[in-house]
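Asks: Mind looking over this structure? Questions follow.
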Amino acid sequence: MKILYSLRRFYHVETLFNGTFVLAGRDQETTGFAWWAGNARLINLSGKLLGAHVAHAGLIVFWAGAMNLFEVAHFVPEKPMYEQGLILLPHLATLGWGVGPGGEVLDTFPYFVSGVLHLISSAVLGFGGIYHALLGPETLEESFPFFGYVWKDRNKMTTILGIHLILLGLGAFLLVLKALYFGGVYDTWAPGGGDVRKITNLTLSPGVIFGYLLKSPFGGEGWIVSVDDLEDIIGGHVWLGFICVFGGIWHILTKPFAWARRAFVWSGEAYLSYSLAALSVFGFIACCFVWFNNTAYPSEFYGPTGPEASQAQAFTFLVRDQRLGANVGSAQGPTGLGKYLMRSPTGEVIFGGETMRFWDLRAPWLEPLRGPNGLDLSRLKKDIQPWQERRSAEYMTHAPLGSLNSVGGVATEINAVNYVSPRSWLSTSHFVLGFFFFVGHLWHAGRARAAAAGFEKGIDRDLEPVLYMNPLN
């Protein structure tokens, strides 16, 4: 299809670098983009852009497969995953592959299979990417109209959105099928310290599922990050799957309403900015999820959360001193508050000391010792099991720290194992990526709005303050 506007008029941002450089028969003069603007040269070449996207998917899947095999090759079954710097095997273990009671790895073969499948898939995607980038048609509109598009075609854009939503919904259903029928998933809350189990009693009540979305994001509430049982997680994926699939069908069958046509900018760069904003939100949510949640991210694989390590230390010393004859119910600490136990603002019995700030932690090794009013003194005296002692001592020395500020009283450096927790890696990386994607969203949204408003340039350099200043020398 013929493009109706002049490219140079439409792409408003001047690029004053090497304007004479010609690459693949394209130069800055005819495209409005310099060589370093990469895929911008492909904005109106749907076939070439398809090649770039498929090749990019191939790189992503190649990394997943290669890193997966790298982790399998370096894996030591005798050590916990979180002590070995692993970030992919914990995800596979959480899905119930290769692990048994207590999160012990029984078989690494499923992990090997996963790596090989991803490598093979990446080869297929890589071939497709190279084919479409070099050999396939430059544009798809003429030969494959179903796959062709023009960025301004609002109806086609919402159809593509619908197809994406259906695929996301099917992805959510894959997790549901794994949990219900194909071996189950790892449940850190299973009695006796966690196990793989099939989820039989799904939470489908909209009040519960959407209650998470309506909760406050702050302490003790924690929005969706506070989810702490697998029935709710898998039930949420059932809801999400249906919402995405039906939303996708709706977007395929309908055209954008007038208010939507007016509200949005309808250009390739605008869609890029919307996508970056969504990915930024995902990154920030993932950061909070992996940092605070020990149900979707079991501590057996990812290491304890910060609050969990701090509470584990308080518990470990309570056990030790109780054995040495301390009366943990009444001992006073240096501040006059309880040394081992105290009361929260709402009256529950909680651990004393600096870890009091984490009093709303829930963890499978601790919950059996709670009664209706918080920690139960008689259970603490009579019911502590060896596995709870072992696990809390292990978690106490593997806090996800590395911080310059207060660490909730956790013994760091000299007394602890020197390691970096996967929770630290995953939450920090997703926060940083979320931030950069947000900056990318602002950048591309600004450019897209400027183009829609008809500016050709960014700032007018004639009014640049530096032009009126004396040279430094």
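Backbone N, Cα and C atoms are what each Cβ position is placed from, and that goes for glycine too.
Sharing the record's features from Swiss-Prot:
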{"type": "BINDING", "residues": "Glu367", "note": "[CaMn4O5] cluster binding site"}
{"type": "MOD_RES", "residues": "Thr15", "note": "phosphothreonine"}
{"type": "MOD_RES", "residues": "Thr15", "note": "N-acetylthreonine"}
{"type": "TRANSMEM", "residues": "69-93", "note": "transmembrane segment"}
{"type": "TRANSMEM", "residues": "134-155", "note": "transmembrane segment"}
{"type": "TRANSMEM", "residues": "178-200", "note": "transmembrane segment"}
{"type": "TRANSMEM", "residues": "255-275", "note": "transmembrane segment"}
{"type": "TRANSMEM", "residues": "291-312", "note": "transmembrane segment"}
{"type": "TRANSMEM", "residues": "447-471", "note": "transmembrane segment"}
Asks: May I ask for the residues of the chain that lie six or more residues beyond the transmembrane segment (178-200) and have a Cβ under 8 Å from a Cβ within it?
Replies: 93-97, 99-103, 228-231, 234, 294-295, 298-301, 364-365, 387, 391
Asks: Where does Glu367 ([CaMn4O5] cluster binding site) sit in DSSP terms: helix, strand, or coil?
Replies: helix
Asks: What's the number of neighbouring CB atoms sitting within 10 A of the CB on Glu367 ([CaMn4O5] cluster binding site)?
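Replies: Other Cβ atoms found within 10 Å: 11.
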Asks: May I ask you to check whether the transmembrane segment (69-93) and the transmembrane segment (255-275) make contact, with contact taken as at least three Cβ pairs under 8 Å and only pairs 6 or more apart in sequence counted?
Replies: no
